[in-house]
Each structure stands twice: as structure tokens, then as C-alpha cells.
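These come from TrEMBL:
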- 816-827: compositional bias 'Polar residues' (COMPBIAS)
- 665-798: domain 'U3 small nucleolar RNA-associated protein 13 C-terminal' (DOMAIN)
- 808-852: region 'Disordered' (REGION)
- 56-97: repeat 'WD' (REPEAT)
- 98-132: repeat 'WD' (REPEAT)
- 139-182: repeat 'WD' (REPEAT)
- 183-224: repeat 'WD' (REPEAT)
- 387-422: repeat 'WD' (REPEAT)
- 432-467: repeat 'WD' (REPEAT)
- 485-518: repeat 'WD' (REPEAT)
- 527-568: repeat 'WD' (REPEAT)
- 569-610: repeat 'WD' (REPEAT)
- 611-642: repeat 'WD' (REPEAT)
Amino acid sequence: MTSVALKKNYRCVQSLQQFYSGGPYTVSSDGSFIACACNDTITIVDSSNASIKSTIEGDSEPVTALTLSPDDKFLFSASHSRQIRVWDLSSLKCLRSWKGHQGPVMGMTCHASGGLLATAGADGKVQVWDVSGFCTHFFKGHKGVVTSVVFHPDPNRLLLFSASDDTTVRVWDLTLKKCVATLERHRSTVTSIAITEDGWTLLSGGRDQVVNMWDLHDYSCKMSIPTNEAIEAVCVIGTASPFLSCLRGKKTGDSHAFQYLTVGEHGLVRIWNSHGAVCLFQQSSSDVSVTKEDEEEAKRGFTSAVMLPSNQGLLCSTADQEFLFYSPTETPEGTFHLNLDKRLVGYNEEIVDMKFLGVEEQFLAVATSVEQVRVYDLSSMSCSYVLSGHTDIVLCLDTCTTTSGRTLIVTGSKDNTVRLWDSNSHCCIGIGRGHMGGIGAVSFAKKSQSFFVSGSSDLTLKVWSLDDLSDDVNEAFSLKTKSVTAAHHKDINALAIAPNDSLVCSGSQDRTARIWKLPDLTPGIVLKGHKRGIWSVEFSPVDQCVITGSGDKTIKIWAISDGSCLKTFEGHTSSVFKVQFISRGAQIVSCGADGLLKLWTVKTNECVATYDQHEDKVWALSVGKKTEMLVTGGSDAVINLWHDSTVADKEDAFRKEEEDVLKGQELENAVLDANYTKAIHLAFELRRPHKLFELFAQLCRREDAKDEVKKALGVIGMEEHRQLLEYIREWNTKPKLCHIAQFVLLHLFTILPPTEIVEMKGVGEVVEGLIPYSQRHYSRIERLERSTYLLDYTLNGMSLIEPETGVVENPKPKLQDSSMVVYSDEQQVSKKSSKKRKSQKSNAGNKKVKGM
């Protein structure tokens, strides 16, 4: 048997986070990104894969309005604080901000020239600003909240249109600075206004279930079209739009007619023709997933819609924070069809369970704290489809692929039922009733896929037969049970079926795990030892053992034969919710309430790696059977996808080692050539502080040390300067190295201005470490200097240092006179010092002088 390559590291390659909390959003001119309101922040989201490109921090108040400049360089935002802000999208910095309205800004739009910004306020005012924040126009006349504002599409016609919940639409002339028309025909809030391409027809839609067409020549109402639903958005279809080309068979012969679409509370997209108010197309069913809360309040559909630029289709937003991307197609029969291309989910609620789907594991089935199951495409991280049918939240799910290639999904819900789904038809093909409590765990048979097991809060286990399932059945039938047993004394949290379908293991809140023989659920071994409830169980793919994760923060491996505990893994700081085998049973991965994902090696009981990518409890963990990639999700509504990076990390380490060897050789060559500037730069790249110290020490011994050090420090960047300060802090702690550290520090402070030093990251901590040791070194040097004076004094007293002789009048004295003068001087010094010295030393000194 070949040895199994153990995994050493996983890398988070994709992440699906909350990016939209409902409310305002705006689309870029090329449709590549969407700026969304996410509570009090603004997220810039890539429209292709729902990844967050950047986040703009707000002012801790919910965002109420957003719009982009025509060139997508600036973003205008407003919040409940009434602040209007201008953001530079390249640097994500706020260029300017101001207050203008007495209430929150509910809508805003930018002129086609990019020089004017119009805002609609809850105070009933409409204001126009230049981009510097100066108010150029102040309009009042609405008696209610102004919901939307639109500039005329022709830049030469300076007209502004505003809609309000006072049921009116007003036309403002920016040249005359007054209201030129008030359009009154609606009986409820006007939610959307749009202008045709020729600029002479205005469409207004409201919650009174009517769309009005207005002639902008005389501001008269040409037609009122009943829609039988509250309208949330009206969009005009352009002449170059693909919608128009697909509708060519349904258009009338009127050359002046135009087409437009509406969305509203029913969640249906409908396309209309202006000639005769004919509905050309209506969706047969809604793509909006309605939750139980929505049904109790009212059936809410779309909240807004916008035609995407560059003929990319239609974007609709829903009340449950979803973006739906539509594109039109024409069937071979010549009929119009609207395709749902993507569904980006802005918020996933709390994630309770997840499983990979399909043979290639390209899809992910996710159960959240809602009644639907969302299936995501991992390539684009968009929601491919939604499985709706349960009447209460889904608690658990499992997936399998039959021998015929059919992919099935089983879900357990709080509505006491289990449902079987076909992933190809997206339909429910089986319903199992019989449990008296919510289903907390389900598991498919691993080998035969002919049954599945469910565990409920009614303390029972049920085995459900799939023998009546055929490949051509797409209608729901009643699932039948093979066997039932009362299993535990408390809720059942986890189930696992052995690889050979002979055993099933159940974990419960009663702190025990039990093994049952299939298909009759004959009682087997009871696994006792955990001090808290068991949240996860799993069979080993190769050994006769089972693993459990518990609320007592431990993971245990049990022998199936006698129920003995073989190993215990400790490391989590809170409850362990999920545990899975990988690497053919040689390793395990676990997650828990501490928000951590851990990788363990079974043989050594060692935790190989720990990952902290979640901010809350991690409830869900799934391992791909084919690729062994991981996916985690939890209470923070974040889904993280992990790939094994062991091989890649090993290759990167080998490549880095090769580069370090080559750079090390370059460093040695530079030292031999006395090219200290290059050598110091390479030492920084290689992160070799000891070699760097040796280079500076060699520079200090040179005559041109100052110039060489300044030259070397002048070519490195700010990050290297910060790193050098940290090295100097370490060198400065040792007396043997401090003189070099102080020498480099002096020249570093000479080169860098104080403003740049202050802006360095962590410079305060570095300086705090430099000051006390520098003071200690200077005190030590001062003490040394004072001690040298005592040495001079002692040597002088011992007559080892010849004092300065006095001035003699005779320029050429005799030898005897000269010696007498010297003697006389020496004798005076000897007399002064003899009081402080012993007599023996004094006599010895006198004898030495006489001898001289």
C-alpha cells in the first residue's frame, strides 16, 4: 500500500461575504462593478463573481443614496446623517463632504456632463450642486418625501424631473430656476420615472398599479396603463438593446412606438409596447424566492431594476438582498424568452449546513436560516438556482450521485419533513412525513444510494427507501420508511453511514454516540466518554473506527469493535461542531464555535495548522470527495472555499530557496568588490540582519564612512527604513554592537525628514525601545570618561607622566642648573601629593626622581 501524502496547509481561495443589505445601489458605465449599500458601509462588488473589490467606510449611519459619475471615477453617497460625500474610487478617499437637506437624502443622480449633482430629500426639497459642493439650485414645492430625481438625457436641455410620495411628478427648468410643470395623475407614491431616447416622452410608475405616459411638449398625459401590481421600476428599452431585437416579431407597425419594461411586487418582468398599451411579454413564474416572513407581511417581489450598459441585459434587485441578471433570447420557434444568467446573493443569513454537489463538485448546496436551499456555482460564486418547498427553515442536507449519474439532494427541515430533490430539474421528487419534531440530521447511503437515514428531535431514527425512485420521475411522491427506532434521550444532531452501508452512527445531545446495524437499525455499541453533547460523527474511510466532535471542546476516535476511545484531540477553545476525515483517514479537519478551522494528523495527535477566517461560529464544514477541497460557513454569513496548497507551498519554498542562493552569491560578490550600496540592498532583500551589521561595521572603519552610509541608505525604500530601525533597536540592546547602531541611527535621522519618520508604521514602538538603551549607553560612556581622569591623576602622581616645565630665563642653562630646575619642580609636585599617598610610595618616587 502506497503511503499517503499528508497535507500541511490549506489556502482560502474564494470567499462569499455580505455585500448588500438592501437599499440603494448603482452600476458602473461598463457594468463591471456595482456599488452597494451594506449597512453603514459601501461595497464595490465585481458583478462577475460577487467578490468584494473594496470597501468604503461610512459615518456609522445607514447609506440612503448612491450614484456614480459618468466616467466612474467618483462616487457620490448620502446617509441618515444628511452628509453628502464625494469619494475618489482610485484612492477610496473622501474628497469633500457637506450638508444640504434638513432630512435624509433619498435619491441622487449625476448630470451627463459630470458637473452637476441633483439630490432628493425627505424634507421635500430638490437641490442641485456642482461637484465642489456649491448649491446652484434650490427647489421646493413637493409636499412629501422626494423619492427619485432624473436629469433629461439631452445635455442641452437643462431639465430635472422629480417624483414624490405626494403622488406628483415635477419638472424643473435649471435655466429659469423654477418649476415649469406639475404632473398629477397618480393616486399613490410615484416610485420610478424614465425618459425615452428621443427625449419627448416621460414614463412614471407608482404603487397605484398604473404607468402614465407624459408628452414633454405640453406636459399632458397621453395614456395611463393599468398593470395590476404595484410598480417599483420602469425602464425604457433602447433601440440598440438585445431586448428589442428579440421582440421584433411582436412589435407593431407604428414607427413612433417604443417598448419599456416594468417590475413590481409580483416579482415578474413584463415588457410593454407604447402603442395600444399592449403587454408583449410576461414571465410565467417568478424567480424571486419568498420567505415565510414575506408571506406573513405581503408577497414582495422586485424592489428596483436597471438596464445594464453595453447591451448586457437587465439587473433586478429583490427585497431579500439579491441581484438577478437577465438576458433575452429568441427560441427556434421565434418566441421571446428571458434567461436568468446570474443570481448574486447579498446576504446569506446564518449558514447551518453545506455539501458539494455533482461528480465534478462544481456546485455547492447551502442551507441557511430560511426555507430555501441555495445552490451556488463555485466558478462564479453566483446562486444558480433555489430549491423552494419547505415551510420552515432547513436544518440539514446531504447529496449523492447515483450510478446512473443523477444527482440527488435530501433536506431536513424544522417543518418535520424530509424532501428529496433532483438537481437537474430543480424539482422536489419525494416528501417524507412521519417525524414529530424537526429533522436535525440526514445522511445518504454511501455505496448503494438506495436509502437515506434521518434523525429528529423526536429522538427517533428513520430509514427511508429509494427503491420506488426512477430516473424519469419528476413529480413528488411519498417516501416510505424501512425501519424506525427510538435512538437517544435527547435531540439527534449528527448521522453518518459507513462506507459499506452496513452501519450508521448517531450523535446526540445526551453526550453519547450509538452505532446501529442497517437496514433494521439493530442496536450496537454505545460510545460514552464525552462530557457535553455530540455535534458531529463520521466513519473512517479505511479503518474500523468512528470520530466524534463534542461540545466539551474535544475530538475523539472510537473503535467500532468494542467502543473504546483510541485517541483524543484537544485544541479547540469552544464546542466542536464539525469534524471530517481527509487524506484517506490519515488526517482530520474540524471547526467549531471558536471560529477556527483546524487541520490534524491522526498518527501524532498534532494540530498541523489553524485558520482564522471567520468572525463567528463555524457551523458547516464539507470536504470534496474528489478534490478534497474544503468549504466552511457559519454565523457570520460568510462562505470560504479552501484549496490544498501543500504542493504549491513546497514549490514556492524551493523557488525562494533558489533565489536566495543566487542573491546570496551576488551579496558576496558585492562585498568583494566593495560595492556596499548593492550589498546592503541585497541584505535587506534576504532579511539578513547579521550580515547587514557586518557591512555597516566595515563601513565605519573606512575613511569615507559617512558618504558611503548616506549613499547606501538613500537608495532603499520606506519599508526598508522601517526594517532598519527595528534592526537598530535590536543591535542597540547589546553594548558590543551599540556604537555601530548609534552610527547608523545618526545618519538615518540625517537623511530622513521627521515627517516621514512619524508616518512610518510602528515607529512609536521602535523609538520607545531605542530611548532607554541609548540613555544607558551614554551613561556608561560618561562613567568611563570620568574614570580616565582618575587614571591620569594616578599616573601623574606616580611621576610616570612628565609635567610641563616652567619658563626659564636663561635660554641656555647649564646641565646641572637644568637638572636642578627639573628636580625642583618635581619635588614641589611630590610634596603636594605626599599628603595623600603613603610614605613608602613618596620615598620611592623621590628616589626615582633623584635617580633620573
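Numbers run from 1 along the shown chain.
Every residue, even glycine, has its Cβ placed from backbone N, Cα and C.
Just so you know, TrEMBL annotations never went through curation; they're auto-generated.
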Please indicate, using numbers and ranges, the residues of the same chain that are 6 or more beyond the repeat 'WD' (387-422) and have a C-beta under 8 Å from a C-beta there.
289-290, 292, 352-359, 365, 367-375, 428-433, 435-445, 449, 452, 454, 456, 464, 466, 469, 471, 474, 476, 479
Excluding the flanking five residues on each side, which residues at least 6 beyond the ends of the repeat 'WD' (569-610) place their CB within less than 8 Å of a CB in that stretch?
4-10, 532, 535-536, 538-543, 547-557, 616-623, 628, 630, 632, 634, 636, 642
What residues in the same chain, six or more past the boundaries of the repeat 'WD' (485-518), come closer than 8 Å to it by Cβ-Cβ distance?
437, 440-448, 451, 453-457, 459-461, 463, 524-528, 530-539, 541, 546, 548, 550, 558, 560, 563
Please spell out the DSSP helix, strand and coil residue counts for the repeat 'WD' (569-610).
3 helix, 25 strand, 14 coil
How about long-range neighbours of the repeat 'WD' (98-132): same chain, 6 or more residues beyond its ends, C-beta under 8 Å?
24, 64-71, 74, 76, 78-80, 82-84, 86, 138-151, 153, 155, 160, 162, 164, 166, 170, 172, 174
